[in-house]
């Protein structure tokens, strides 16, 4: 672990943080596990028991393989270790199989692969501006960033209770960002290309990578006013980047192209028949849209403006993942969400092109791309908010305005993950971990920027504090009312809509900051 100690000194504090969170992860092994545990067990069985030609056709379980090929090979590699723990977990027909050895293997596979995330955090710490130095270790930006990333509440509950491999994948993303900070552009591009073929959700941030590499790497020089010098375009560099993308894609998709199975692979990766929203609405624009449609439908029925017989039977709050029709507002198609997402992303892309602002400008654009896709994407999972929270952590320790946005985004986004853990034993665990992370985030960032104005104004403070009464209402008060049987979806609806307001606010505020900086830069040039 000594290899993880940052070059800047301070002894082995980074190792201690990494070891501490690893021990906590071990303590979480016996906790609740979601259906994702069975999903990954089934993928172990598929990749171990069947030839590659059947991986994306196998459908014995409802949890079919729907991640890109590199993740399938990752499961294949894990399966060859899993056979030494319990061979039965690798049998396809052993649905919902979970022996004690299977549990230990799958839990520890997440913990061990998190080593990549720890290394990535270590590399990101090297990229932090050291201007805000302090004699106190706990007040150093690198220390604060290490805690915000290594002890991230969202990763802890999603990976080590709910069960997924987001830490490993986020490690690839953070490492690619660190390489761009270090001007090792080819490595950064390679890591991101590999990441895309592990999990295609990272397409959300691909525009930021593409534009930044084109503007800041393929164009080797800028004019004195900051605009691009067209004559500096390097064909060698753009061909090199294209070659990296081609070779990684060929290695991933080549076998399935040879088998003439590419359409089948893509049909698994992009299942548009699943519907606009997940069973639990992700706290985004469509949650607000759905809630408004519900409210208008109720009002319409009360005022007898709507015919009850003509209202669609499929309910957005039934907990089913399906296509449906809105009652009052226009129904939304996949194409409509794609257009909305592209429109939301474009301003940040233009700013990155016309005023790159180096790697930090790239990270801001990346966060905006992640948030815009989260806000307007089709069938977005609530866990996707981590794609924005983690890179936003890098910005939060360098600038007070970004720290404010991070606090609102992280607190609201993390609370929106609470419904993932709905069992009683996990209630005190998630509340305690959330409180510890949130209190540390607020106190450490306030200390870091104590010479500047307060990070949160009174409205923002009241909004965040109101998450407490909302939790009491959803977990304690509502179950005691007669409404629980008739309207079981209300707690989820309240959580989703309330958190959607905070995330929308954070997205808007970050966009205003980026656009203002871009316009101010242009004004100065003139």
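Every residue gets a Cβ built from N, Cα and C, even glycine.
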Among 361-380, 461-480, TrEMBL lists transmembrane segment at 361-380
Candidate ranges 161-187, 188-214, 269-295; TrEMBL annotation transmembrane segment resolves to 188-214
Residues outside the transmembrane segment (487-507) whose C-beta sits under 8 Å from one of its C-beta atoms, at least 6 past its ends, are 280-285, 287-288, 291, 294, 315, 317-319, 368, 371-372, 374-375, 385, 405, 408-409, 411-413, 415-416, 418-419, 463-464, 466-467, 470, 473-475, 478
Stretch-level contact, the transmembrane segment (361-380) and the transmembrane segment (188-214), CB cutoff 8 A, at least 3 pairs: yes
Checking 141-158, 188-214, 335-354, 400-424 against the transmembrane segment (234-259) for Cβ pairs under 8 Å, the most are found for 188-214
The answer for the transmembrane segment (141-158), taking Cβ pairs under 8 Å and residues 6+ beyond its ends, is 6, 8, 10, 13-14, 17-18, 21, 24-25, 28, 117-118, 121, 124-125, 128-130, 132, 164, 166-167, 170, 174, 383, 385-386, 389-390, 393-394, 396-398, 410, 413-414, 417, 420-421, 430, 433-434, 437-438, 440-441, 444-445, 448
For the transmembrane segment (400-424), the distant same-chain contacts (Cβ-Cβ under 8 Å, at least six residues beyond its ends) come to 32, 34, 153-154, 157-158, 161-162, 280, 282-283, 371, 382-383, 385-386, 388-389, 392-393, 430, 434, 437-438, 441-442, 445, 448-449, 452-453, 455-456, 460, 463-464, 467, 471, 491-492, 495-496, 499, 502-503, 505-506, 509-510, 513
